[in-house]
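For ARG155, GLU323, the entry in TrEMBL reads active site. What TrEMBL lists as active site, proton donor is SER227. Sequence annotations record features per position, and here TrEMBL assigns domain 'FAD-binding PCMH-type' to 9-178.
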Amino acid sequence: MRGLNTFGLASRASAFITLEDEAQLPALSALAAGYGGCLVLGGGSNLVLGESLRELVVRVALRGIRLVEARAQAWIVEAGAGERWHDFVAHCIAQGWDGLENLALIPGTVGAAPVQNIGAYGVELADRFDSLCAWDLHQGRLVQFSAQECRFAYRDSVFKREPGRWLITRVRFALPRPWRAVLNYPDLQRWPALQDAAPDARSIFQAVCEIRRAKLPDPAVIGNAGSFFKNPLVDAETRDALLARFPALVSYPQADGRYKLAAGWLIDQCGWKGRDLGRAGVHDRQALVLVNRGGATAADILALAAAIEADVLARFGVRLEPEPVVLR
């Protein structure tokens, strides 16, 4: 399993299959029951895999992209869960179905994106979501989900809260017509190529790719799962108290009156950027990213994460929450 997770962690599964056709689904529930459950694997980009997995591991490889409908207010585009996320975004931009450009270069698959409600540079998947189909591994049936039924939240969804039950097969997106650029993220506002009065989606797509490549390590070079911690949400009173103690605190106001704190800044202030703990470490350019220095196990990654969480809590009174799903 080392080559099937972007952390590059050594892991062995009791059984492994690749799902390439929805016709395989009816037999899957019974097969999974024989192994005590099922672990659904997309691109392996948001996982911390234990050394031994007793459940059946299913790699989803359902493919296909199609325009379902051209509505007055949105392009409705469907993609198979096994499509690589970045390739899907690039395809949409090439077709003129704009709206996903801020989510460019996020690792993983289309099917994994709703689980985490991925987001970047001012846009979340939930902002562009129409519906999805998922196989209920417990009841052996295909179920369609609306956005409300997905119960999307910050880096969260019903699928993340009910691990082992749902296997997403295909996802539909509502890409806005007319399209409007989302440029409220500071990095995009400062990017030289986006200083035109009206940058197009292709320009934003390219800018996001360049920014991400400059800030985040390539998993093919050094094992990582991207941003490891969520940016914590706090109420205004907590944020004001922290700001009084730490004037350089980085925070972003939210629509509900709360503030999102920059977890990377909190970690950096605790002196963790560039530091190692055993065979795991913190990236030297982005403190949100934990990396495999070579031969790390899930235990190494989780020990490092726990040490960081403890230091941030002790200094700021703020609890960090990991983004990746831990399977062990």
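Cβ coordinates come from backbone N, Cα and C, glycine included.
Values in this document were obtained by computation on a predicted structure and should not be read as measured data.
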Other CB atoms, at most 10 A from the CB of ARG155 (active site): 20
Neighbour count (Cβ, 10 Å) for the residue listed as 'active site, proton donor': 22
For GLU323 (active site), the number of other Cβ atoms found within 10 Å of its own Cβ: 20
Spatial separation of GLU323 (active site) from ARG155 (active site) - C-alpha basis, Å: 7
SER227 (active site, proton donor) and GLU323 (active site), distance between Cα atoms, whole Å: 7
